[in-house]
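Enquirer: Look at TrEMBL and you will find 31-53, 65-84, 91-112, 118-139, 151-171, 177-199, 337-358, 370-393 tagged as transmembrane segment.
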Amino acid sequence: MSVEPHSTAALHTEGHFVIPSTGKKRLSLKLGFSFFLFGLINNVLYVIILSAALDLVPPSTPKGIIAFCNIAPALIVKLGWPYFLKGRIRYARRIVACCTLSFIGMLVVAFHESLYSRLLGICLASFSSGLGEMTFLQLSTTYSRSVGGRSVGYFASGTGAAGIVGAFMWWELRGLGVSTGVGISAVLPFVLPLAYFFLLPRPAAFMHQSSSTSYTLVPADDLETEIDDDLSAQDDVESRVEPKVTVRLSAADKWRLVKPMLLKYMLPLFCVYTLEYTINQGVAPTLLFPVPSHGLLSKIIHSTRDYYPLWQLVYQTTVFFSRSSISLGLKTLPAHLLPAPAIIQFAILLLLVFESAVGLLPEDREAGSIFLVFILISIEGVCGGLAYVNVFYCINQEQPDPASTHNPDVIKQEREFKIGSIGFADSSGILLASILAVPTEMELCRAQVTRGKYLCQGL
């Protein structure tokens with residue numbers, strides 16, 4: 001396809017490539033804020049439920065059961081939906097459905113005191129969260145690769161912010177009780193359809209900027225990317241005016257797309273999430289120390305029950321900063337370094353298990369032990385966030401299969417499928433971790449009691 005002289009790919013000035021700038025900043029801000037809100041609201045209820053685990057179940061119930069019900073339905077969605085859904089994605093319907101399911105689920109958790117009713121409500125919210133995450137990541141592929149990459153970065157930043165907001169919200173709301181605290185959070189999902197319908201710029205809006213009369217200089221090195229984006233946008237428009245032909249990926253097509261991603265993307269993501277959620281749900285509840293009587297910690301820690309939400313807050317804060325790395329303009333991890341976060345987290349898991357079971361520092365140096373746990377959980381959060389944002393960014397930026405480049409509809413569905421199918425890896429890792437967390441927490445508590453430390457029995 002040729003590029004017209006007045007298009008984005010036509011103007012050059014002394015080694016620079018000229019692209020339009022009028023309205024571009026405003027569109028980029030709206031795009032970034034929209035995807036940030038999608039990540040924030042879609043994940044915040046998930047974090048609130050995890051942070052409230054101690055308050056949602058009786059003391060004798062392992063907190064891992066909350067993690068299990070909070071991820072199993074999401075895993076079912078991510079495993080089934082991309083592989084069995086055929087044809088185009090109806091984003092508006094999905095987003096409205098996610099909002100409705102989350103609202104109902106949180107109301108069930110808020111106003112039913114029985115354990116089984118609360119677990120049912122958590123399952124509904126989990127189903128919605130899993131469908132929402134997959135939907136918004138797929139939505140990023142409807143834009144050109146440069147715009148879609150930024151969308152993934154902002155979405156990941158929003159999911160990271162959800163950790164801080166969710167943990168902080170429950171830290172503040174838990175004093176109101178489960179019914180009031182969870183009930184207040186139930187209104188948050190309504191932000192999703194509002195952002196989608198009234199804030200998010202459509203993909204065509206970025207292509208229309210090519211007709212602007214004001215221009216910005218861009219280094220010539222970016223020429224190839226910009227031309228690719230311009231052609232993608234033109235192909236998208238042409239596919240709308242041509243007669244519609246139903247395009248559906250077959251099971252063989254989907255397996256062909258998944259196979260090269262198994263070791264490259266899915267395995268590192270699976271390992272990262274298995275390790276970090278084993279730490280968060282199985283080890284962190286046992287990282288308990290006497291209540292400090294003086295110093296800064298005494299103003300934060302008022303009972304042994306405060307340690308668990310504190311560790312969650314530390315973890316979520318570091319996850320936010322690492323998931324925001326792309327939106328902050330930092331370089332992405334090279335593909336060959338994607339397994340590195342999992343290796344580091346494995347070492348952290350071993351150290352925290354040892355600290356919980358026997359103590360890394362003498363018992364008379366509890367402040368040092370608390371600081372050590374703080375550092376290790378911070379590194380754990382950084383590794384988890386970097387793994388998430390870099391894997392999904394890499395998938396978003398992958399070039400289409402040469403065999404399908406002749407058909408824009410096939411390219412579109414392949415991009416949507418690939419980024420949607422990868423979520424199975426992190427959700428299955430979390431599910432495995434929730435299963436491992438139950439015996440891990442029980443055995444670590446038993447080890448503490450054996451050495452005369454009974455704090456875990458008082459939660």
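Just so it is clear, glycine is given a Cβ too, placed from its N, Cα and C backbone atoms.
Bear in mind that TrEMBL entries carry predicted annotations, made automatically and left uncurated.
So where do these features actually land, and what's packed around them?
Expert: Sequence-distant contacts of the transmembrane segment (31-53), counting only residues of its own chain at least 6 positions beyond either end whose CB sits under 8 Å from a CB of the stretch, comprise 63, 66-67, 70, 98, 102, 105-106, 109, 122, 125-126, 129, 132-133, 136, 139-140, 143, 147, 150-152, 154-163, 165-167, 169-171, 174, 178, 181-182, 185, 188-189, 191-192, 195-196, 199-201, 280-281, 308-309, 312-313, 316, 327.
Listed by sequence, the residues of this chain that lie at least six past the ends of the transmembrane segment (118-139) yet keep a Cβ under 8 A from its Cβ atoms are 35, 38-39, 42-43, 45-46, 49, 56-57, 65-66, 69-78, 81-82, 89, 91, 94-95, 97-99, 101-102, 104-110, 112, 151-152, 155, 159, 189, 192, 392, 396, 416, 419-420, 423, 427.
Counting residues 6+ beyond its ends, the transmembrane segment (337-358) has Cβ neighbours under 8 Å at 264-265, 267-268, 271-272, 275-276, 278-279, 283-284, 286-287, 369, 372-373, 376-377, 379-380, 383-384, 386-387, 390-391, 394, 440, 444, 447-448, 451 in the same chain.
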Enquirer: Counting Cβ pairs under 8 Å that are 6 or more apart in sequence, does the total for the transmembrane segment (177-199) and the transmembrane segment (65-84) reach three or more?
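Expert: Contact between the transmembrane segment (65-84) and the transmembrane segment (177-199): absent, because fewer than 3 Cβ pairs are under 8 Å.
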Enquirer: Any contact between the transmembrane segment (151-171) and the transmembrane segment (370-393)? By contact I mean 3+ C-beta pairs closer than 8 Å, pairs at least 6 apart along the chain.
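Expert: Answer yes: the transmembrane segment (151-171) meets the transmembrane segment (370-393) with 3 or more Cβ pairs below 8 Å.
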Enquirer: By a Cβ-Cβ criterion of under 8 Å, what residues six or more beyond either terminus of the transmembrane segment (91-112) are in contact with it?
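Expert: Distant contacts of the transmembrane segment (91-112): 42, 45, 49, 56, 118, 120-129, 131-132, 135, 139, 178-183, 185-190, 192-193, 196-197.
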